[in-house]
Structure formats: C-alpha cells, structure tokens
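Annotated features, as they stand in TrEMBL:
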TRANSMEM  43-71  transmembrane segment
TRANSMEM  87-107  transmembrane segment
TRANSMEM  127-147  transmembrane segment
Amino acid sequence: MKVLIFLSWSWIAFVLIYGCITQNLIFVSPGWDYDFSVPYAELFSNLEITLSLSCLAISYTSYISIAFLIYKQKTIMSCVQSRKNEIMILLQSTLVTGYITAMIFVWHQALFAMVSFIDMDSKRNQGILNCCLMFHCYVNPTMTILCNK
C-alpha cells in the first residue's frame, strides 16, 4: 500500500514539475488554458483529467466506506434508529464530488460531448466557470459546516 501511495505521489509530482518546466499553460482571458503548441500538452491535458477523475472516485469511495463503517459500528453497539451522521456524510460527499465532476466535464468539453450545449467561447461563460473554479476550494468546508452542525 505504501509503495502504491509513493508511486501515486511521484507521478503527480512529475506531472506538476514537468508541466511547470515546459510551460503547458497559458493565460487566455479570462482564465488559463493548455498551450497546445508545446510538445506533450495534449498528453498532460489527458493526464490531468485521468488524475482528477480517479482521485474523485477514490475520495467518493472512501466517503462511502466511512459512512458504511459508522453504520456498521452503530448497529453493533446499539440499536440507534437515527442515521443522520451517515446521511450527512453521503450528502456532503455526493454534492462535493458532483460539483467538481461537473466542472471537469465543462472545462474539458472536447472529451465530454454531453456538455457541448454550453458555449465556452463566450467570455461570460468562461468567467462563470473560472469563478466556480475559485469557489470550489470552499465547497467542501462549506458542506462540512452545513452538514455537521
């Protein structure tokens, strides 16, 4: 398990460092985009999607496992009828995972045809997506506060 974690972190570090060295990203008003004139930029775009979606899947699976373990422990310890904690954990993880996954799909429309109805050539839509990308840092803490009063 430790070897797998080490390899995962090594791969993420490689992608980040190599991407910074080759300058795969350029500023395109009102946000950032891949510079596809640079070698391997398309590869790194695909690697970003793969890493993002796999991390989201692992995270969501972990949340489901935590909720299941809490449910199992409560069942063993007592006959508590309230399942509020488990429901709140699942609600929080589902909303956070759904929000971030939707942003990834919209950001990479060329690969996901299901969101092609959103016009990403519009500066307004690009600005809205960039605001959503900035807000995504606050989604998990906000949901934690709302779900776990």
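Along the chain as shown, residues are numbered 1 onward.
Backbone N, Cα and C define each Cβ position, glycine as well.
Taking Cβ pairs closer than 8 Å, the transmembrane segment (43-71) reaches residues 11-12, 15, 18-19, 24, 34, 83, 85-86, 89-90, 92-94, 97, 100-101, 104, 108, 111 in its own chain, all 6 or more past its ends. Remote same-chain residues near the transmembrane segment (127-147) are listed as 30-31, 88-89, 91-92, 95-96, 99-100, 103, 106-107, 120 (criterion: CB distance under 8 Å, separation of at least six residues from the stretch ends).
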